[in-house]
Amino acid sequence: MANENHGSPREGASLLSHSPGTSSQSQPCSPKPVRLVQDLPEELVHAGWEKCWSRRESRPYYFNRFTNQSLWEMPVLGQHDVLSDPLGLNATPLPQDSSLVETPPVENKSRKRQLSEEQPSGNGVKKPKIEIPVTPTSQSVPSSPSIPGTPTLKIWGSSTEDKQAALLRPTEVYWDLDIQTNAVIKHRGPSEVLPPHPDVELLRSQLILKLRQHYRELCQQREGIEPPRESFNRWMLERKVVDKGCDPLLPSNCEPVVSPSMFREIMNDIPIRLSRIKFREEAKRLLFKYAEAARRLIESRSASPDSRKVVKWNVEDTFSWLRKEHSASKEDYMDRLEHLRRQCGPHVSAAAKDSVEGICSKIYHISLEYVKRIREKHLAVLKENNIPEEVEASELEPRLVYCYPVRLAVSAPPMPSVEMHVENSVVCIRYKGEMVKVSRSYFSKLWLLYRYSCVDDSAFERFLPRVWCLLRRYQMMFGVGLYEGTGLQGSLPVHVFETLHRLFGVSFECFASPLNCYFRQYCSAFPDTDGYFGSRGPCLDFTPLSGSFEANPPFCEELMDAMVSHFEKLLESSAEPLSFIVFIPEWREPPTPALTRMEQSRFKRHQLVLPAFEHEYRSGSQHICKKEEMHYKAVHNTAVLFLQNGPGFAKWGPTPERLQELTAAYKQSGRSHGSSSSSSSSSSSSEAKDRDSGREQGPSREPHPT
């Protein structure tokens with residue numbers, strides 16, 4: 001994918017006829033604008049504004065005879081007064097990167113009346129090789145107050161085709177959907193999961209928020225701690241590895257009931273969470289708090305007399321040492337803390353074990369009840385529309401095909417109306433008061449994926465409701481907090497994907513989503529919402545016979561371990577070229593089972609290590625985050641492992657030349673696509689945010705403070 005695909009399209013275009021004094025002889029093809037009764041404020045008239053009528057659009061617009069500017073909405077005078085500042089020297093400066101600009105540089109941000117809305121303009125952005133379909137216009141426009149400078153809420157079907165074309169023209173491209181797949185599978189039948197519906201998704205999101213709140217309250221009330229960061233998200237990932245239930249998100253049929261992931265992360269934070277320490281006073285305070293929390297816990301729980309004696313003696317010894325040692329260094333305090341943890345940790349964990357298991361069990365059983373409620377709601381929606389919940393499976397012809405998106409066996413019910421409006425470069429989609437947001441560029445990406453993959457909605461009547469369900473699903477899966485869950489959805493930089501495709505034939509992502517995928521063929525967590533946008537289903541259910549794949553799994557230990565088992569089984573059973581290039585954290589203290597198994601696998605052809613802070617990931621919130629927050633530095637080493645069978649190694653082997661080019665691709669920072677006008681101060685603050693965000697990738701593996 002060429003680098004110019006990351007640029008922004010040209011949007012400036014003047015009207016054919018502006019000034020009422022323009023001679024008809026000089027521009028014979030340009031009709032004169034029809035003037036309306038001028039009911040404008042005196043300030044606007046003095047500034048050169050007048051009200052005209054658009055014959056083509058059959059509505060009024062506002063034209064400035066001094067600047068040749070045209071607006072659909074009534075202008076509001078801002079910083080740039082054309083009389084006192086005709087050149088706009090005092091106006092708000094535009095960023096040098098025009099891809100950030102969607103509105104004129106005035107405070108009201110009124111939408112320009114441009115020919116770019118009415119006809120395609122030449123630009124360097126990769127355009128789809130398909131025509132934009134004419135969408136139905138029978139749906140009504142919901143009533144909404146019209147605020148000056150803000151587009152009115154509209155239903156997708158009520159917009160004209162030209163305006164849709166302008167909306168669907170991306171300004172930033174971080175994908176290449178033209179690459180065809182080389183992944184071959186056996187022909188498979190449709191999935192039995194129920195099709196998504198906004199009412200069902202709304203109920204599911206409400207119940208997940210309640211479940212998160214239950215988890216927080218249980219941790220606070222029973223253990224006196226805040227929930228470990230991202231532990232609920234990793235609990236859902238770990239549970240879905242073993243879950244045999246019917247819900248695509250919440251677990252309902254798991255063995256064992258107590259989640260190893262949730263249990264491990266809560267126990268790591270008992271009696272208190274140990275954070276990274278930079279200063280001596282912090283180390284002293286942490287040692288005191290740990291000793292106090294350990295004594296309080298052992299006194300309030302049922303524990304053996306020996307355990308109580310050991311903990312209390314070590315705590316008193318620590319307090320005595322703190323009273324005597326006034327000149328201790330940070331290292332002295334940390335050594336003392338490590339000694340206290342070794343002495344008291346096993347006894348504290350034994351005393352808290354039953355309580356923590358109770359938290360895990362309680363959350364699972366609440367989830368089970370919620371799944372029943374969601375299922376009842378879903379079946380009621382199908383019954384209301386006379387759609388059977390079970391469809392008789394037809395016989396499949398045993399043949400090999402290139403992989404294709406997931407199809408659903410159950411027919412989709414009619415979709416309710418969903419509201420959409422655009423705020424600057426963000427598309428806002430609202431259903432029953434619940435709003436989700438996505439940038440215009442990623443909205444256009446979803447449109448393309450839907451156009452390529454969906455087979456039951458050629459008129460795009462269900463596009464917006466399905467986008468709302470998709471965005472709401474991922475929002476609920478990773479939480480609504482700032483930067484929450486973004487590390488679990490991080491992806492590789494564009495330069496790396498380009499290199500993987502060019503050198504190793506990679507055309508498929510094993511762990512992605514419609515929002516962060518680079519290729520149009522990928523596996524994702526949710527076949528019901530994502531199948532309409534190109535997903536081939538969950539990776540652990542996907543069984544290719546040949547092809548070259550990239551795998552960057554969410555950093556959940558149980559999921560990564562299951563991934564290794566799945567890949568080795570596929571490599572063992574296939575005689576066709578098969579290759580998996582896996583990117584996982586190089587956690588060594590202790591090493592993860594997945595990393596250890598891949599290093600010892602007979603299919604490992606090479607292992608590459610990318611040093612911490614010398615390579616980047618793309619944010620999991622790339623579909624909505626600011627441009628300067630799109631990339632962040634990894635705070636841990638990343639191990640790149642090549643798992644290939646014999647034919648795959650012969651075809652896509654990691655030769656020294658290929659490895660050198662792959663390493664060089666990581667040196668091309670994705671930040672170079674950002675605005676070059678950013679100041680050094682904003683860059684440094686952005687880097688700090690990036691590092692904080694990067695820590696989300698492995699909080700369960702954070703080293704103990706040193």
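Note that Cβ sites are derived from N, Cα and C of the backbone, with glycine treated the same way.
Considering Ser30, Ser259, Ser513, the record held by Swiss-Prot lists Ser30, annotated as phosphoserine. In Swiss-Prot, the annotation motif 'Nuclear localization signal' applies to 109-113, one of the ranges 109-113, 304-308. Substrate binding, as stated in Swiss-Prot, involves Arg264, Glu557, Trp587, Arg588, Glu589, Pro590, Pro591; the candidate among Arg229, Arg234, Arg295, Arg296 given for that site is Arg234. Just so you know, of the binding-site residues Pro553, Pro554, Pro590, the Cβ with the fewest other Cβ atoms around it within 10 Å is the one at Pro590. It is Phe555 that, of the binding-site residues Phe555, Trp587, Phe613, has its Cβ surrounded by the most other Cβ atoms within 10 Å. Per-residue pLDDT, averaged over the domain 'WW' (43-77), rounds to 80.
Just so you know, of the binding-site residues Arg234, Arg264, Arg588, the Cβ with the fewest other Cβ atoms around it within 10 Å is the one at Arg588. Sorting the binding-site residues Glu557, Glu589, Glu614 by the number of other Cβ atoms within 10 Å puts Glu557 first. Distances between the Cα of Pro554 (S-adenosyl-L-methionine binding site) and those of the binding-site residues Arg234, Arg264, Arg588 are shortest for Arg234. The number of other CB atoms found within 10 A of the CB of Asn552 (S-adenosyl-L-methionine binding site), across every protein chain shown, is 21. On the backbone, the CA of Pro553 (S-adenosyl-L-methionine binding site) and the CA of Arg234 (substrate binding site) stand 12 Å apart. Residues Asn552, Pro553, Pro554, Phe555, Phe613, Glu614, His615, recorded as contacting S-adenosyl-L-methionine, have a largest CA-CA distance of 20 Å.
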